[in-house]
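Q: Copied straight from Swiss-Prot:
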BINDING   GLY19, LEU20, SER21, GLY22, ALA23, GLY24, LEU25, SER26  ATP binding site
BINDING   ASP70, VAL71, ARG72, SER73  GTP binding site
Amino acid sequence: MTTDSAKDSRTMDFLLVTGLSGAGLSTAAKVLEDLGWYVADNLPPELISRMVGLSLTSDPPVDRLAVVIDVRSRLFTGDLGWVLTELEAEPIHTRVLYLEASDDVLIRRFEQVRRSHPLQNDGIDGTLSEGIAAERRQLAVVKAAADLVIDTSALKAHQLRQKIETAFGNDANRTMKVTVQSFGFKYGLPMDADLVCDVRFLPNPHWIPELRPHTGQDADVRDYVLSREGAEDYLDTYRHLVDLTIAGYRREGKRYMTIAVGCTGGKHRSVAMSEALARRLGSEDDISVSIVHRDLGRE
């Protein structure tokens, strides 16, 4: 493996992901994609070096490449040594992630999805237990060469995600991405909303002639809405609810949230309140906020 001191001169992170069938390789691949890695699944060992070369010369170049290989790729001991030796000549920082689980857990997982082990399909071993045992033998040296071994026997999907994020993510990957979306109830609820708040309890600027042509993005409407009784208290209280929800999302490995803020037409109150809420959320370093005014301009 490449040492940490050598990493500084290397231009791409390369992660070889392998392990036992049923140990969570597919989940790991999805997590790495969410973390911004370019993921190639089940790539034959003889094509790995070519994939690395193409990634280094692509425009723009790939900063982080992960290749997921399981027993179907026939990654035997000799293949692994040859691949890693060849990669040492490339300007990359190489790491190996190995996923495993206990026999009883693997058997239960295969039985739950009613699938046979890959080695059973090839006729190498007749029973599920024998297929798992054969795979362990084939990948023993791969495991010994790994930089990180994760036993997924007792892990739920979000717990595996957290471990992978800790090992292979960065600060940007751990940022919660929040979209605050204003809307008008008369046009229907946003289908992608995780949270919905109703600000129709506030007086409607629509009924004030000098404010009616303006929107919640204009200072006069914004000041009017936010100065109404209960507006600031509502924002403070709702911010606390959002904080609790974000904490729960993080525990579950979720990194995206959409908050829908609705009024009657999506022009005045919801626009002003959604922007005020977004300002409150945007003050946190680990939250990235974007604003969408879905129905602004429809009237």
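Glycine is treated like the rest: Cβ placed from N, Cα and C.
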Q: Does LEU20 (ATP binding site) have same-chain partners at least 6 apart in sequence with Cβ under 8 Å from its own Cβ, and which are they?
A: LEU99, GLU100, ALA101, LEU106, ILE132, GLU135, ARG136, LEU139
Q: Based on Cβ atoms within 10 Å, give me the single least packed residue among the binding-site residues SER21, SER26.
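A: Lowest Cβ count within 10 Å among the binding-site residues (SER21, SER26) is SER26.
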Q: Among all chains shown, work out which of the binding-site residues ALA23, LEU25, VAL71 has the most CB atoms within 10 A of its CB.
A: ALA23
Q: Taking GLY19, GLY22, GLY24 as the binding-site residues to compare, which has the smallest set of other Cβ atoms within 10 Å?
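A: Each of the binding-site residues GLY19, GLY22, GLY24 was scored; lowest Cβ tally within 10 Å is GLY24.
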Q: Would you count the other C-beta atoms found within 10 angstroms of the C-beta of ASP70 (GTP binding site) for me?
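A: Around ASP70 (GTP binding site), other Cβ atoms within 10 Å: 22.
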Q: Would you list the other residues of this chain near ATP - those whose C-beta lies within 8 angstroms of the C-beta centroid of GLY19, LEU20, SER21, GLY22, ALA23, GLY24, LEU25, SER26 - in sequence order?
A: ASP70, LEU99, GLU100, ALA101, THR152
Q: Which whole-number value in Å describes the distance between the Cα atoms of SER26 (ATP binding site) and VAL71 (GTP binding site)?
A: 13
Q: Please report the distance from the Cα of ALA23 (ATP binding site) to the Cα of ASP70 (GTP binding site), rounded to the nearest angstrom.
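A: Here the two Cα atoms lie 10 Å apart.
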Q: Take the C-alpha atoms of ASP70 (GTP binding site) and LEU25 (ATP binding site) and report the distance between them in angstrom, rounded.
A: 8
Q: DSSP on VAL71 (GTP binding site), three-state: which is it?
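A: Helix, per DSSP.
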Q: In terms of DSSP three-state secondary structure, what is the assignment for GLY19 (ATP binding site)?
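A: In the DSSP reduction, GLY19 (ATP binding site) maps to strand.
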